[in-house]
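Written below as structure tokens is the structure these notes are about.
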């Protein structure tokens with residue numbers, strides 16, 4: 001730090017630091033309260049209530065940042081505080097975090113408040129946390145030894161596993177009764193034995209489970225790991241309400257790929273109570289070492305921390321790469337200017353200044369659609385986005401064609417400035433960042449017959465799961481869907497999405513005369529929010545291979561009755577079950593006696609468990 005203050009002499013500096021930390025502590029207290037509510041609502045089967053607190057929680061962070069900023073402006077005239085005092089504020093804040101259990105989150109909160117108060121030209125290393133100041137290693141929950149980050153169990157042998165897993169379940173103290181816990185524990189032990197086969201039990205054989213349940217959609221997940229010798233295996237046990245209304249263990253997941261799907265960027269955030277979030281992230285990284293810490297924080301509902309870490313990783317990549325940002329390959333969009341850095345697996349999307357026909361939208365409406373997706377259950381079929389404002393890029397790293405695209409289609413979204421090193425920078429005023437995927441239209445055009453079959457099956461499943469979750473994609477062209485690196489189809493173009501319950505599902509009227517029948521134009525009245533599933537054939541079935549696969553697997557896609565049935569169930573208050581694993585993994589399907597005991601209610605199938613978004 002330049003001009004490091006030799007003496008922390010300002011009482012105002014300490015008071016401001018204390019006020020900012022109080023704001024964060026209030027935020028995290030409310031954040032944890034949602035997790036407590038999630039347990040109660042899960043036990044009661046209050047699915048609409050769970051959805052509501054999930055939506056509400058997303059707004060908590062910005063509300064507390066605004067609240068803290070107002071207090072600092074009103075009580076300390078924060079915008080006019082001298083630079084020397086800001087340096088002292090940061091140092092006092094570091095001191096206050098010495099024994100804090102969420103220091104990394106509190107540092108990010110400090111940055112958010114600072115950047116709200118100060119102009120971006122003041123965002124320098126002296127005022128904000130560009131790197132962590134407080135270590136998060138080995139933070140222990142000493143205040144509550146009965147709630148460690150994780151619990152360790154020692155089965156002793158294969159024969160002791162049943163008692164071990166029974167203790168695991170009981171320690172979560174769920175108030176709702178289980179339908180038949182002994183039966184389900186038997187299935188868990190059976191599945192574990194089948195998975196490990198003749199694996200020799202080592203002296204250190206043990207099971208670790210995180211102390212809090214992970215709530216999402218209509219499931220609660222036990223997350224843990226199995227240690228044997230020098231090997232570590234992931235463990236996840238979803239708990240659901242069975243057809244009887246009582247709790248059941250739905251399956252056990254023991255593969256890294258299955259955990260990666262569970263924590264995918266295409267799913268909504270978990271609700272989980274964490275006293276020490278960094279310890280949870282460390283545990284999860286142990287069973288998913290390929291998963292970036294930024295994505296793990298985000299999946300835990302700490303999306304601002306994920307966003308902060310992502311940006312640090314991005315700056316690090318820029319520092320150690322030399323390729324240029326280019327216009328993203330593929331069909332140009334009417335609403336978004338999309339660019340990418342070939343060496344980095346993400347795309348950057350900027351809303352254009354104007355939209356040619358037939359698009360009828362506005363910048364604010366597009367932003368509202370992206371916010372809708374952020375707050376909705378993405379059911380593994382919509383990519384999460386990171387939203388940033390005033391991002392400065394080195395101009396020398398922008399391809400000339402990309403600069404021309406900006407100046408032609410989004411001139412209001414950029415400005416030029418000199419960086420601290422004297423180099424020219426291009427500042428993008430607002431940008432969404434998403435994981436880069438292969439556009440489905442390219443995948444279907446260039447793929448083998450087997451890949452086309454797979455892509456069509458996935459596309460149909462994706463749309464059906466979205467409408468079951470009350471999302472109508474709007475523009476369903478293949479170019480608006482992507483294929484992840486492991487073959488899962490995901491929707492990523494949100495400017496035309498609507499709630500299915502707001503749409504009118506209609507049959508195409510019968511032509512009244514020969515002129516209407518032969519007309520190449522739409523001759524019937526189309527109102528806003530009207531959907532005509534029969535017309536989807538026109539733009540989905542043009543390719544011979546695609547058509548054959550589509551009609552084999554998703555012929556009902558063009559039947560208005562299929563769409564209307566989903567809408568009717570949604571209007572009746574039904575909340576669908578969505579599973580982040582293949583239905584064949586569920587005990588009711590895996591073991592015949594489970595199926596006969598519990599029934600086999602039809603649920604949307606997310607596809608083969610090997611696929612990782």
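In case you wondered, yes, glycine gets a Cβ from its N, Cα and C as well.
In the three-state DSSP scheme, residue 384 (active site) falls into the coil class. Residues or ranges marked as active site in Swiss-Prot (evidence: sequence analysis): 384.
Annotated ATP binding site per Swiss-Prot: 328, 329, 330, 331, 332, 333, 334, 349, in sequence order. Residue 331 (ATP binding site) falls outside any helix or strand according to DSSP and counts as coil.
Separation of the C-alpha atoms of residue 349 (ATP binding site) and residue 384 (active site): 13 Å, rounded to the nearest whole number. Across the binding-site residues listed here (332, 349), the residue whose Cβ sits among the most other Cβ atoms within 10 Å is 349.
Comparing the binding-site residues 328, 331, 334 by how many other C-beta atoms lie within 10 angstroms of each C-beta, the top residue is 328. Cβ neighbours within 10 Å of residue 384 (active site), excluding its own Cβ and spanning all shown chains: 23. The binding residues for ATP are recorded as 328, 329, 330, 331, 332, 333, 334, 349; their greatest pairwise CA distance is 15 Å. Rounded to a whole value, the Cα-Cα separation of residue 329 (ATP binding site) and residue 384 (active site) is 21 Å. In the structure shown, across all protein chains, 333 is the one of the binding-site residues 329, 330, 333 with the greatest number of other Cβ atoms within 10 Å.
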